[in-house]
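Undergrad: Questions regarding the structure given below will be posed in turn.
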């Protein structure tokens, strides 16, 4: 009996309960969005790798951001697309655990990379003479590795705490993927330790980084206002407004999910928020940084001209 309560073979993902025709329509829409996400972020990765003019700290961190976006979307979307096209709702326990690990890890890494990017912009605008000395490649590499290591460490802690819990009864998870809060609701054991650690992680990975980003941009705004050149102010505002747009969208949605008190009546709204975040946040970064960034657009045009001449 203890064995039966401690181990299960699979979870049932409730998701959005729709007719089969509607699920097929959603499959087509979500599949196209996923492919566009891979192409858009892949384009950013390709441009940064191939164009020497983009080999700078800012684009080095943008490279990591694009990898994170591709990885985050790929951690849960393929399973959801499979469920939509096959009209099934199950996911094996091991796959669910891995999905939980990767989405927590990549989400945390993205938070930290956004903080590092804000620090890079702060140094570039507020301390331009010292920028190349302080933001050298060794420092950039250490910051990137630390972001990835910290993100995966926090995710491993959460998953380790999850694996100690027993399960019994119907394993219906009220979500379209293995989101940790939804999975914890179907366990039989006490989850208060998990909830405390999850809240602590949310404060550490959301409130702390967002505070650092806001402090950085207050200092940046103050420095930009002191720039005498109108063209210089415009260029600085353009770069920073792009980053702030991404930061506001990312942190706003995640904080609404993890820092707002849990309410069973808000479960459907949270699923919609996660759906919006899962599909559109990975698309927002390449769109913002390509459409609003002159250097990326120039690199794209040079690449097109090079391929056209070949």
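Heads up, the Cβ atoms here are built off N, Cα and C, so glycines get one too.
As annotated in TrEMBL:
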type	residues	note
TRANSMEM	24-50	transmembrane segment
DOMAIN	40-289	domain 'G-protein coupled receptors family 1 profile'
TRANSMEM	100-119	transmembrane segment
TRANSMEM	139-163	transmembrane segment
TRANSMEM	203-225	transmembrane segment
TRANSMEM	237-260	transmembrane segment
TRANSMEM	272-291	transmembrane segment
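I'd like these features described in context: how deep, what's nearby, how far apart.
TA: Note on the transmembrane segment (24-50): residues 16, 18, 59-60, 62-63, 66-67, 69-70, 73, 77, 80-81, 84-85, 279-280, 282-283, 285-287, 289-290, 296, 299-300, 303 of its chain, located 6 or more positions outside it, place their CB under 8 angstroms from a CB of the stretch.
Tertiary neighbourhood of the transmembrane segment (100-119): same-chain residues 58, 61-62, 64-65, 68-69, 71-72, 75-76, 143-144, 146-148, 150-152, 154-156, 158-159, 162, 177-180, 183, 201, 205-206, 209, 212-213, 216-217, 243, 246-247, 250-251, 254, selected by CB-CB distance under 8 Å and a gap of 6+ residues from either end.
Proximity of distant same-chain residues to the transmembrane segment (139-163), defined by a Cβ-Cβ separation under 8 Å and at least 6 residues beyond the stretch ends, is recorded for 57, 60-61, 64, 97, 100-102, 104-113, 116, 119, 180, 183-184, 193-194, 197-198, 201, 204-205.
Same-chain neighbours of the transmembrane segment (272-291): 30, 33-34, 36-37, 40-41, 43-44, 62, 65-66, 69-70, 72-73, 76-77, 175-177, 179, 242, 245-246, 249-250, 253-254, 256-257, 297, 300, counting only residues six or more beyond its ends whose CB sits under 8 Å from a CB of the stretch.
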Undergrad: On the 0 to 100 pLDDT scale, where does the domain 'G-protein coupled receptors family 1 profile' (40-289) sit on average?
TA: 83
